[in-house]
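Asker: Structure incoming, see below.
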């Protein structure tokens, strides 16, 4: 399939440009520091199980940053330098370009996450401590989902606009909004809907609006996997649907825009 050729080219280019090694090294360094902190804590009586909790906290920020950094210029930069004109002269469609770039960039980030986790875990094991393997496997699976979502957001932004400067601004704004500022959005919407005043109790739909953030939806799924509680204010199925929407629908919207614009 043509999109797979594009994906392999993305990975190959990242190896030749050392991009893959830079991102893998970043995850090895930061996750390795988490492993080192876990070992020091365990030697003082702490639990090695804190390793997964620490990795989870780090990943909530590091993975969105890495995903958006990898993907936000992936399409628009090659549009501006004319590479896509050349690629479309070969048997590739615009859909192949978007899908292949998306999956190729995701593969780069996924490998970086896997390598970082493996090295940090090995350090803890070599230091003489055991690991909570089930919790670590759950962390890894959920982190790879989060990586997919933020690469998707970066690809979407890159496909929607024609300026690398605007793309960088939108990617940075997406990071700030979804990771740090989204908790303000539900209250702001309630305030506006209620005639510029806060009601005595929040509407039933407020938690659902809060869960529309990919980071919030990921946190809800993580809590459900950790505690086994699929209910709560926001059902597990809704949070899962939100993540799927960001991973599939958002790049689809970007593709539709990219398909209709001139290169």
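Backbone N, Cα and C define each Cβ position, glycine as well.
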Asker: Between the candidate ranges 213-235, 236-258, where does TrEMBL place the transmembrane segment annotation?
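Answerer: Comparing 213-235, 236-258 with TrEMBL, transmembrane segment matches 236-258.
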Asker: Does the structure show the transmembrane segment (135-161) and the transmembrane segment (236-258) touching, where I'm treating 3 or more Cβ pairs under 8 angstroms (sequence separation 6 or more) as a contact?
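Answerer: As far as Cβ distances go (cut-off 8 Å, pairs 6 or more apart), the transmembrane segment (135-161) and the transmembrane segment (236-258) touch.
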Asker: Hey, which bits of the same chain come close to the transmembrane segment (20-39), Cβ under 8 Å, at least six residues off its ends?
Answerer: 11, 14, 46, 48, 50-51, 54-55, 58, 62, 66, 70, 108-109, 111-113, 115-117, 119-121, 123-124, 127, 129
Asker: Counting only CB pairs under 8 A, let me know which of 51-71, 103-129, 236-258 has the most with the transmembrane segment (168-185).
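Answerer: Comparing 51-71, 103-129, 236-258 against the transmembrane segment (168-185), the winner is 51-71.
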